[in-house]
Amino acid sequence: MEEDESTTPKKKSDSQLNLPPSMNRPTVSLESRINRLIDSNHYHSPSKPIYSDRFIPSRSGSNFALFDLASSSPNKKDGKEDGAGSYASLLKTALFGPVTPEKSDVVNGFSPSGNIFRFKTETQRSLNLYPPFDSDVVSGVSPSPVKSPRKILRSPYKVLDAPALQDDFYLNLVDWSAQNVLAVGLGNCVYLWNACSSKVTKLCDLGVDETVCSVGWALRGTHLAIGTSSGTVQIWDVLRCKNIRTMEGHRLRVGALAWSSSVLSSGSRDKSILQRDIRTQEDHVSKLKGHKSEICGLKWSSDNRELASGGNDNKLFVWNQHSTQPVLRFCEHAAAVKAIAWSPHHFGLLASGGGTADRCIRFWNTTTNTHLNCVDTNSQVCNLVWSKNVNELVSTHGYSQNQIIVWKYPTMSKLATLTGHSYRVLYLAVSPDGQTIVTGAGDETLRFWNVFPSPKSQSRESEIGALSFGRTTIR
């Protein structure tokens, strides 16, 4: 016999509410409505704003925590559950959603508005979208992508034979022009190698009584200066392969040359430096004295205001355009100073390297006359050159590894160590685009290495870095 559901009492289930006698028991229909409301609050999409009537506020968007729906009695005994409070709490959750703020939160300032009623449901944004100490949240910018270290090939991409290339520490027999032509002094001859066409041209032959001791290109790459063992300096027009001038003044061999616009500086074993203006008829316009031994290194700064000279007396001097005495004297090196290089990135930054007894690369600030840093390379420093594309420099060395080292400045961390020469690497020059270096040694070879990035890639990386640093979230 079937019983009528309206008259037959139902068994108590765990899902029903346990209410005190003082309250009326909710009907099944009310309980089912509460469950439906809870489900709708749990699974509705927060992406769509819900609008209510202009006179009827939105329940889920209103701040009901500003007043108590169910204030608890202060005379309650600890440990006893108030059934009326539980039911009211459940009802509030069903009607207003599970994320209704508490009154304490509103008082403490967590509520964005002090209004109780709202007429639009705003999309809730979680406070835990980011870690509490996320750098992006703190700074408001996206971190720059981690830059992978640049790969430098450990082997030369080209090797040229250079017979009769002298193994003499005090000479400078290799230079690369702005026209992409390499000049090399081999014995008593000078050869030109065109990097674009790989064509080799014999520029001159000094004869059996003289040898080439130094070569140096003018800035435009149309004229080449040649220092000889007799003390003369010859100026050659490379387009016509013609000697247009021979200048005297030194008594001994000329092992170092440096151009500054129309002024040519020459350093000799006679311990002097001659300043020659090729626009005048005089062989030299001034004579610089200060070194006590052979001049083996000469370099003008990029702004042509200062001339650095290194000698076999272990001294590094700095001269200005008008002085006949050095304006700065650096005496920290313990061996001959041939390796000299001015930074193209920092005004007044000068690097120098010492010979076998010194083995150090030192950095100087010529504007403040200060010694900045010293790096022990553990081998003879034969030559130095800065990259014009990046803040890096290359050093070439002698005993015992005859290595070539690429350094990152100012950390002086080694980016690459290149080996291959069997004799000390005495000669070094950079291509006009700043990407390739050529090294020469007493093993009678010239080796070409790709060590520096191109100017375009470097500028592109700078742009990307700047854009990454300034990137913010678009709202």
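Even glycines carry a Cβ here, placed using N, Cα and C.
So that you can see what the record holds, here are the features copied from Swiss-Prot:
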- 15-27: compositional bias 'Polar residues' (COMPBIAS)
- 1-27: region 'Disordered' (REGION)
- 166-203: repeat 'WD 1' (REPEAT)
- 207-246: repeat 'WD 2' (REPEAT)
- 249-289: repeat 'WD 3' (REPEAT)
- 290-329: repeat 'WD 4' (REPEAT)
- 332-374: repeat 'WD 5' (REPEAT)
- 376-417: repeat 'WD 6' (REPEAT)
- 420-459: repeat 'WD 7' (REPEAT)
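166-203 is the stretch from 166-203, 249-289, 420-459 with the greatest number of Cβ pairs below 8 Å to the repeat 'WD 5' (332-374). Helix, strand and coil residue tallies for the repeat 'WD 5' (332-374), in that order: 0 helix, 23 strand, 20 coil [DSSP]. Against the repeat 'WD 7' (420-459), stretch 166-203 shows more Cβ pairs under 8 Å than any other of 166-203, 249-289, 290-329. On the 0 to 100 pLDDT scale, the repeat 'WD 4' (290-329) averages 96 in the predicted structure.
When Cβ-Cβ distances below 8 Å are used as the criterion, the repeat 'WD 1' (166-203) is approached by residues 160, 210-217, 219-222, 224, 226, 236, 238, 241, 255-257, 269, 294, 296, 312, 336, 338, 355, 380, 382, 398, 423-424, 426-432, 438, 440-442, 446 of the same chain, each at least six residues removed from its ends. The residues of the repeat 'WD 3' (249-289), classed with DSSP into helix (H, G, I), strand (E, B) and coil, number 0 helix, 23 strand, 18 coil.
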